[in-house]
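To start, the structure itself, in structure tokens.
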Amino acid sequence: MAITRWFFSTNHKDIGTLYLVFGAWAGMVGTALSLLIRAELSQPGALLGDDQIYNVIVTAHAFVMIFFMVMPIMIGGFGNWLVPLMIGAPDMAFPRMNNMSFWLLPPSFLLLLASSGVEAGAGTGWTVYPPLAGNLAHAGASVDLTIFSLHLAGVSSILGAINFITTIINMKPPAISQYQTPLFVWAVLITAVLLLLSLPVLAAGITMLLTDRNLNTTFFDPAGGGDPILYQHLFWFFGHPEVYILILPGFGMISHIVAYYAGKKEPFGYMGMVWAMMAIGLLGFIVWAHHMFTVGMDVDTRAYFTSATMIIAIPTGVKVFSWLATLHGGSIKWETPMLWALGFIFLFTVGGLTGIVLANSSLDVVLHDTYYVVAHFHYVLSMGAVFAIMGAFVHWFPLFSGYTLHSTWTKIHFGVMFVGVNLTFFPQHFLGLAGMPRRYSDYPDAYTLWNTVSSIGSLISLSAVIMFLFILWEAFAAKREVESVELTTTNVEWRCGCPPPYHTFEEPAFVQAQT
């Protein structure tokens, strides 16, 4: 029974649970890798060995956190669980394809881990730039295995995207227009469109890299008329939409959490929120070369990419101020998800401001590949995406399980995590401004102080992760069942009960259009 239920599942709730468990497991692997990085950098001098093994760890940390933690949890976990409930659909549009989307991930993860275990590992960074990723600098199967891993993860995401787009457009009640669906549904829809348009470009780029390595083509080799810069354009045309894919579902979840715990029936400026997400999705495709300011582009090209990048701050600002406006005049309940949401708004804004700094091409030439960039994207990911995931998990855990988490423990956990991530990443701004480069396992001892502080912060974050596991165990051990849920009229996912039955909406939801 268990085998057929979990291996052959076509139920969106079960598949969502599989995604959440897989993502949590991968998140712990990614956390372990990050602690190896911070251990190496905690003092000058070598700890683990040479820069190759260090860069293999950095590369694996990035891939694990992006493709096996954030995306499976946000899109696969929360998306699968909540989207059908929020639009009144009995399941996803293609339930068996949904199952395949999940089961492509463990083999993909296995290939990624295998790439670290053969030869010298793939020490290329998550960008996998040639010629470093070519068959001279990386002889052996490591990079090839990484490419195959990315192929599988990419196919998984493309299939998932097709599924979500079809479900959201096609399976809501006829009386409901797209502009009456919850913001999280919009966020997943826009994310799915971004995935569908960007991943094939990555697939093309890494497939050409694969043939350059194995079939003697020269797509990225100047000796045969190729150009390594072409790879960078292909990669970043995927890579920049990807970072918006990582944060957009978080935007949707934060909108729900802020409205719920402010006691509001809807977020402030619903239409503005939707259009802002659409604008971010569109603009995300036309700014990719801001990752390449140092490759020698024309000044007019640099001017365009600087300006276009800064424009993204406008719809992002619309969202931030709409969240603050949602809080205004509400009866605010200071429960843990609200703490995560407020932390998200503040820290994501800090990360966004350093992003505005880096958008200036002249400044970026100086700051490129320093720890300033690392600090920037970890503020929007480690404190944006992760805070959104944590807030959403604490908020919707009673829906998924029927049990409540211990509110005091979750608040302590938030406090520890907040201190840990800020202590880890805030000093990295100082290191970057002082010129410490990324992707090196050692540094001059002038940089010792802030690296040590950063590494201490990472240990505090680790203790928060361990505390979270305890909180999860405590909830299932104590079995405090959900008594009642407030505001279900405007939060439709709660209306079928906690937890909802295995099959919901077996007959279509009836919606009376308001005249």
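Any Cβ shown, glycine's included, is placed from N, Cα and C.
The shown structure was predicted, so the numbers you read here are calculated from the model rather than taken from an experiment.
Of the residues proposed, HIS233, HIS240, HIS328, the one Swiss-Prot records at the same Cu cation site as HIS290, HIS291 is HIS240. The membrane topology recorded in Swiss-Prot places THR4 on the same side as ILE87. Going by what Swiss-Prot states, the Na(+) site holds GLU40, GLY45, and the candidate of SER441, SER454, SER455, SER458 recorded there is SER441. In sequence order, TRP236, GLY239, VAL287, TRP288, ALA289, MET292, PHE305, THR309 are the residues of the same chain, not among HIS240, HIS290, HIS291, whose CB sits within 8 A of the CB centroid for the Cu cation site. Between the listed binding-site residues, namely GLU40, ASP369, the fewest other CB atoms within 10 angstroms of a CB are found at ASP369. Across 12-40, 51-86, 270-286, 299-327, stretch 51-86 shows the highest tally of CB pairs under 8 A with the transmembrane segment (95-117). The C-beta environment of HIS61 (Fe(II)-heme a binding site), restricted to residues of the same chain at least 6 apart in sequence and closer than 8 Å, consists of GLY30, LEU33, SER34, ILE37. Take the Cα of GLY45 (Na(+) binding site) and measure to each of the binding-site residues HIS291, ASP369, HIS376, HIS378: the nearest one is ASP369.
Looking only at the topological domain 'Mitochondrial matrix' (87-94), the predicted model's pLDDT averages out at 98. For the binding-site residues TYR244, HIS291, HIS376, SER441, a Cα to Cα distance of within 10 angstroms from HIS368 (Mg(2+) binding site) holds for HIS291.
In this chain, the transmembrane segment (51-86) lies in contact with the transmembrane segment (228-261); the count of Cβ pairs under 8 Å, excluding pairs fewer than 6 apart in sequence, is at least 3.
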